[in-house]
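These notes are about the structure you will find just below.
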Amino acid sequence: MPGKLRSGAKLGSDGAEESMETLPKPSEKKTRKEKTKSKTEEATEGMEEAVSSKAKKTNKKGPSEDDVDPPKSRKAKKQEEEPQDDTASTSKTSKKKKEPLEKQADSETKEIITEEPSEEEADMPKPKKMKKGKEANGDAGEKSPKLKNGLSQPSEEEADIPKPKKMKKGKEANGDAGEKSPKLKNGLSQPSEEEVDIPKPKKMKKGKEASGDAGEKSPRLKDGLSQPSEPKSNSSDAPGEESSSETEKEIPVEQKEGAFSNFPISEETVKLLKARGVNFLFPIQAKTFHHVYSGKDLIAQARTGTGKTFSFAIPLIEKLQGGLQERKRGRAPQVLVLAPTRELANQVSKDFSDITKKLSVACFYGGTPYGGQIERMRSGIDILVGTPGRIKDHLQNGKLDLTKLKHVVLDEVDQMLDMGFADQVEEILCVAYKKDSEDNPQTLLFSATCPHWVFNVAKKYMKSTYEQVDLIGKKTQKAAITVEHLAIKCHWTERAAVIGDVIRVYSGHQGRTIIFCETKKDAQELSQNTCIKQDAQSLHGDIPQKQREITLKGFRNGNFGVLVATNVAARGLDIPEVDLVVQSCPPKDVESYIHRSGRTGRAGRTGVCICFYQNKEEYQLAQVEQKAGIKFKRIGVPSATEIIKASSKDAIRLLDSVPPTAISHFKQSAEKLIEEKGAVEALAAALAHISGATSVDQRSLINSQAGFVTMILRCSIEMPNISYAWKELKEQLGESIDAKVKGMVFLKGKLGVCFDVRTEAVTEIQEKWHDSRRWQLTVATEQPELEGPPDGYRGRMGQRDGSRGAFRGQRGGSRNFRGQGQRGGSRNFRGQRPGGGNRGQKRSFSKAFGQ
């Protein structure tokens, strides 16, 4: 009967002989013992409980319940076991008694034969190996076989029996064939003789049947149990349902909240939005949509690059298109959008035009002819975007009617209500607004920066029930979180050259960079500086409007890579793929820094903003850090290695763009050059020339001064003072080092110093210096972390005749800025007299910081 054990008496001689054939050799047993020795303690309690529970039940063909002896120790069992009437069994038993008891127990545990398994049992996975030294059954001749997962008539107690471990493939085992009830490797009853030689099927993956005849066998659960065929379809469907639920979980919350189906947006508008690459509403758009659509006044604040323009454009267009009346010629605008710059006004107008084909959108700003704008007003306008100056001109000339306004938007409201525009905005809005009237147009104010005074000024234009949406709130960081903020200390005389190196490393020839300057003159000069290898154009107020539009369009299209601009490009401009923003000096107000840095890192992209500063601008930089809630990472100028590496990458990219037809014309020259110089030398020279890096100046990593190399002297202990480093330098390099080192400052934790030396002195210093357990001298490849910002040079650059005042000057000037020399000193920062007793002159704090 399938699933039942036969008694040892009924096994017969054939079974015994077969068992003898399948017994493994002692060496094989020993090998298995060694492999499982480390696992002998895992299932001791479970196996003992299994033995005791199974000892209470017997096969119908085996001995009765009364004949079952209680479980005994392995030694006692071996002594009491007696051979059955089968001769083969007797000989086998006597042979096994000669083996050590431990090996006998192991063979009884692992080497078992099986009775005919059912189809379900044959399909089950192979069990794990049993622990060495633990018998899988009690008295083998008297007890039922150990089952897996309760199959083959399990009792309640048997269901809890731990699963035996897998036997090795191809190792047929048997206990005492005549005495013990044989077991399968998977815990089932013994198979027929034909089945013994059948190779075991390979392990199948979960959900796959081990047997090829799928129609006859039930599917397996993960735990190896068989299952009725009906639920099979359900189990196959489960992975699909699970994967679909996982897909839903993977959708970000922002996309779920911003799905178009959550808002009353027409299909036509959705198609136009998708054409612009907008597949869902951004957080600021989703949170303001219903306020704008329902006609409520609103003040909204969100970081740069988060999509504020569409926050008011989409709901206003849907509202106007929903109540669209007859399009009369000469109709007055219903929506007025005011922007601080011409470039921003032009961009907002384009955003409106891109998502509506039914409404008329016009843009009025200075620098363009009046005639075309007057003609647009005669034709009729639904949405008017413009700058305050030109809108005011049309009002004063009586050409523009704003009495029909229903919606007014002030983009970059903090600048629109500031002193520069406040009077013009007041004059424009007083035409459509009445004091304390509920019939005033809906007022919408948007910006990335909203100081407290903005709310006070804005209240006179807004209803008392206005809404406020602030996605920045009390968060410390006001600037874009997708932008990395870096700072480089550099004197203004070195600034242009260092900016050129920075662009090479952080943007390259293929990237786009915006450089912000404080004045129009600086912007014009920097755009024409030869240190900037990439094509550069300037954008400022003195450039004619037509040229400004051409320049901005060319930069958007990638016709040139560097745009040098004043604040006209700081606000609102959405220029794609700007990799780097450079600010030539800290701005006067933190709002300008936030808007400038926001030209990169837009719409989920990341970007870098680098701010240059001098000693006297440390205070301004700290103010930006405090108010913008950011922390600048102070870095040194790009090293020669970094510049060359970046330049070579750019040159290789340029090689990829050369067409094959052009290459064929240069093959003969290339072959000749390779013969003369060699392939590597020739190609390296070509790459250097293409990249423009034929000569790279070494620069100080402390203050960016050309012709200097920064070196680091590390100490294994904390240094009490800076003279501790000077003493070690003089001991190894001699007194002459006094004239070669300058700008020495502590490293973080005072575990060393860094200083500058002239480029030509580096090799000499490296040859003379010998590292010790306490001191190690290296050339810096990047700016080290300093104990504090260096307060200018206090070094020992002076001569013995008294010219060391500013740099350190123990004999030729003091260690402070004013160079209080004891024997004179002509090289301090403040000194006026070339010799003797130069004490410099005092300066006030405000003068020192240019305030």
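In case you wondered, yes, glycine gets a Cβ from its N, Cα and C as well.
Taken residue by residue with DSSP, Arg303 (ATP binding site) is part of neither helix nor strand, so it is coil. Under 8 Å, Cβ to Cβ, and six or more positions away along its own chain, Arg303 (ATP binding site) finds Ala448, Leu471, Ile472, Lys478, Ala479, Ala480, Ile481, Gly598. Annotated ATP binding site per Swiss-Prot: Ala302, Arg303, Thr304, Gly305, Thr306, Gly307, Lys308, Thr309, in sequence order, evidence recorded as sequence analysis.
The compositional bias 'Basic and acidic residues' annotation in Swiss-Prot covers 26-42 (among others).
The compositional bias 'Basic and acidic residues' annotation in Swiss-Prot covers 99-113 (among others).
Per Swiss-Prot, the feature compositional bias 'Basic and acidic residues' maps to 133-145 (among others).
Per Swiss-Prot, compositional bias 'Basic and acidic residues' is recorded for 170-182 (among others).
Look at Swiss-Prot and you will find 207-223 (among others) tagged as compositional bias 'Basic and acidic residues'.
Here Swiss-Prot flags 226-237 as compositional bias 'Polar residues'.
According to Swiss-Prot, the compositional bias 'Basic and acidic residues' annotation covers 246-257 (among others).
According to Swiss-Prot, the domain 'Helicase ATP-binding' annotation covers 289-468, on the basis of sequence analysis.
Residues or ranges marked as phosphoserine in Swiss-Prot: Ser13 (among others).
Feature annotation from Swiss-Prot assigns phosphoserine to Ser118 (among others).
Sequence annotations record features per position, and here Swiss-Prot assigns phosphoserine to Ser144 (among others).
Here Swiss-Prot flags Ser155 (among others) as phosphoserine, drawing on a large-scale study or a structure entry.
Among the features that Swiss-Prot reports, phosphoserine is placed at Ser181 (among others).
As annotated by Swiss-Prot, phosphoserine applies to Ser192 (among others), with the evidence given as a large-scale study or a structure entry.
Taken from Swiss-Prot, the feature phosphoserine applies to Ser218 (among others).
One way to see the shell of the ATP site is to take the Cβ centroid of Ala302, Arg303, Thr304, Gly305, Thr306, Gly307, Lys308, Thr309; the remaining same-chain residues with a Cβ within 8 Å of it are Phe282, Ile284, Ala448, Gly598, Arg602. If you count neighbouring Cβ atoms within 10 Å for each of the recorded positions Thr304, Thr306, Thr309, Thr368, Ser639, the highest count belongs to Thr304. Here the Cβ of Gly307 (ATP binding site) has 21 other Cβ atoms within 10 Å, regardless of which shown protein chain they belong to. Long-range contacts of the motif 'DEAD box' (411-414) within the same chain, counting only residues at least 6 positions beyond its ends with a Cβ under 8 Å from a Cβ of the stretch, are 299, 308-309, 337-340, 344, 348, 445-451, 454, 458, 571-572, 591, 595. Broken down with DSSP, the motif 'DEAD box' (411-414) shows 2 helix, 1 strand, 1 coil. Around Ala302 (ATP binding site), taking its Cβ as the centre, 22 other Cβ atoms fall within 10 Å, counting all chains. Closest in space to Thr368 (phosphothreonine), of the binding-site residues given as Ala302, Gly305, Gly307, Thr309, is Thr309, taking the CA atom of each residue.
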